[in-house]
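These notes are about the structure you will find just below.
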Amino acid sequence: MAPSELLSLASLSLLLALVVQPHEAYGSTRGSFLSNDGSAAVNGICATSVTIHGYKCQEHEVKTKDGYILSMQRIPERRFEGNSNAGIKKQPILIQHGVLVDGMTWLLNSPQQNLPMILADNGFDVWIANTRGTRFCRKHVSLDSAQAEFWNWSWDELVSFDLPAVFDFVFNQTQQKIHYIGHSLGTLIGLASFSEGHQADTLKSAAFLSPIAYLSHMNTALGMVAAKAFVGEITTWFGVAEFNPKGQKASAFLKRLCNYPGVDCYDLLTAITGKNCCLNFSTVDLFIKNEPQSTATKNMVHLAQTVRDGVIAKYNYGRPDYNRMHYGEAKPPVYNISAIPRNLPIFISYGGQDALSDVKDVLLLLDSLKFHDEDKLMVQFIKDYAHADFIMGTNAKDIVYNQVLRFFKNQK
């Protein structure tokens, strides 16, 4: 296959996963995940992507207050550590992925390049979160994933239920406050959740990579068209509760976007995420074998509302009377990012080429944090980085991850 054809194929698959976020893949030792039967012990993230490299890894299940059963992975120690440090308490770190993928996205580069293993090798107790609806999180105490009600949620529920559940679980297991790392949607739900005080007693510090909060300056034609289409077709889309990027309806929808004026679907990764500086074909090719995954259609609509409205607000039910039923007011409440405790240590890393986390929108986020304690806010700007570089970049360890390590090690 010619390089141009490979890029086109990779880009088409990436569009299915990257309407809002980008992700990565690594290594022929990793297989595809075609089953949603929850067989984590045999085919799960630990077995396929961690223990094969000589790290210990534990699979855990966490129940949210609204009944979803989430999969988590724990890498408790360094590679081949043995028993020399048995009994020593290590600082826990919780890592949260973006939309349309799961925790696998953090692990698809080599052990020397992926963030969880770098953290483990530097003495941290690493916990990888997975949100509802992803391949190993399709269980509920009373609902089946084939039922529409299973998919009746947006990122509001990730803020109110998923993130608090995994924080509480890690805290109960470790009895220590937790460092948090989010990428893309993982930053949005972290910022919103912390602003409402959900993790006040369990959060130690937070690192936001390629943060999305305000999205009104998103400078990708394809992303803007997709956002408008999701809001405009809300009635049609609510006939399909699960947004499965590999499904017939989603594929047809996404292909239609390519016909809009000004939308270039030849290099979709660049069209959606910006001009990434530091990716390679093998990473993109292996990504295709592992992603994308389902989310709730309602979640995609909510993200589109965030783009359209230019505010970080709860889900808009489209009519004042419906909003009053849910919130007691005609418009959805806004998440007040400035309510995040001013003494919370925060690290923010963003890129100059990022089409999703646009520089102007990050500056709006930083303006929301303008009263934050000066010595508690660390900001890194990487001129050449775009959205996908923060996870897929071949030099992310040297440019980003080493800064994250330094930030966490300074939090005593």
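Glycine is no exception: its Cβ is also placed from the backbone N, Cα and C atoms.
Because TrEMBL annotations are produced automatically, they should be read as predictions rather than curated entries.
Copied over from TrEMBL, here are the features:
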type     : residues : note
SIGNAL   : 1-25     : signal peptide
DOMAIN   : 50-109   : domain 'Partial AB-hydrolase lipase'
ACT_SITE : SER184   : active site, nucleophile
ACT_SITE : ASP354   : active site, charge relay system
ACT_SITE : HIS387   : active site, charge relay system
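A straight line from the CA of ASP354 (active site, charge relay system) to the CA of HIS387 (active site, charge relay system) spans 5 Å. Calculated from their C-alpha atoms, the gap between HIS387 (active site, charge relay system) and SER184 (active site, nucleophile) amounts to 8 Å. Helix, strand and coil content of the domain 'Partial AB-hydrolase lipase' (50-109), in residues and according to DSSP, is 7 helix, 19 strand, 34 coil. In the shown protein chains, 32 other C-beta atoms lie within 10 A of the C-beta of HIS387 (active site, charge relay system). In the predicted structure, the domain 'Partial AB-hydrolase lipase' (50-109) carries a mean pLDDT of 90.
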